[in-house]
Amino acid sequence: MDNKRQEQLQHFWEQFHLPAIDLEGLDLALTHPTYAFEHHLPGDNQRLEFLGDAVLGLVVATYLYQHFPQLPEGDLTRMRAAVVCEASLVKVARRLRVGDLLRLGQGEEHSGGRERPSNLADAMEAIIGSVYLSGGYELARDFVLQIFTPALEILSDTSFIDSKSALQEFVQSQGTENVVYKILEEWGPDHAKGYKAGVFLKNRLLATGLGHSKKEAEREAARAALALLKVQG
């Protein structure tokens, strides 16, 4: 790696104010298969992408498990998927200008590869993988939580006073039809009932919520659905 490239990567990493990492690994994370092929390099970022995908999933799953103790597994799964999906990764990559750092083959470069969503998402996962290999799980966790702060803050926002109205306003602003609430389960004696509500959009279950009354369960379902829709953007 020449000095210019090293300075470029060092500048990128310093913005996070985290312990130093192996810049060779970061460079590999930004190496597209077409570049590796054209320059006869022994590796590209695909294996790091595989590793980073697993690390990202674990970090986000742990965060959701700790911050949403009342949510069932199905909602946690949907929330994790919203955070780690390609669209979310691309948002992060563009905010960090990862495309400027990619090493691409000539054909990929000339066909818009620096802004191609799949390239940006793959590179973000590969970067996470390289951080994990360089500094271990704790450093990778700190990195992931920092770069995904906007998405995680949306999920953690419990300030929706009237979550049902807020959800309805949001879906109407997107030009879609009204949401529908259904009580999916109820249990317990009359003096201590528990309810599970689901909120549906176009017959698709968005999220569920639990409560001691039907209205409380519906509000919790609306809050979870609103967070998911905002993250998916």
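Backbone N, Cα and C atoms are what each Cβ position is placed from, and that goes for glycine too.
These features come from Swiss-Prot:
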ACT_SITE  D53  active site
ACT_SITE  E125  active site
BINDING   E49, D122, E125  Mg(2+) binding site
DOMAIN    9-136  domain 'RNase III'
DOMAIN    162-231  domain 'DRBM'
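Calculated from their C-alpha atoms, the gap between D53 (active site) and E125 (active site) amounts to 5 Å. All protein chains shown were included, and the count of other CB atoms within 10 Å of the CB of D122 (Mg(2+) binding site) stands at 26. Residues E49, D122, E125 make up the record's Mg(2+) site, and a Cβ search at 8 Å around their centroid adds N45, Q46, L48, F50, G52, D53, A121, A123, M124, A126, G129 from the same chain. E125 (active site) sits 5 Å from E49 (Mg(2+) binding site), counting Cα to Cα. Helix, strand and coil residue tallies for the domain 'DRBM' (162-231), in that order: 32 helix, 24 strand, 14 coil [DSSP]. Confidence annotation: the domain 'RNase III' (9-136) carries a mean pLDDT of 94 in the model.
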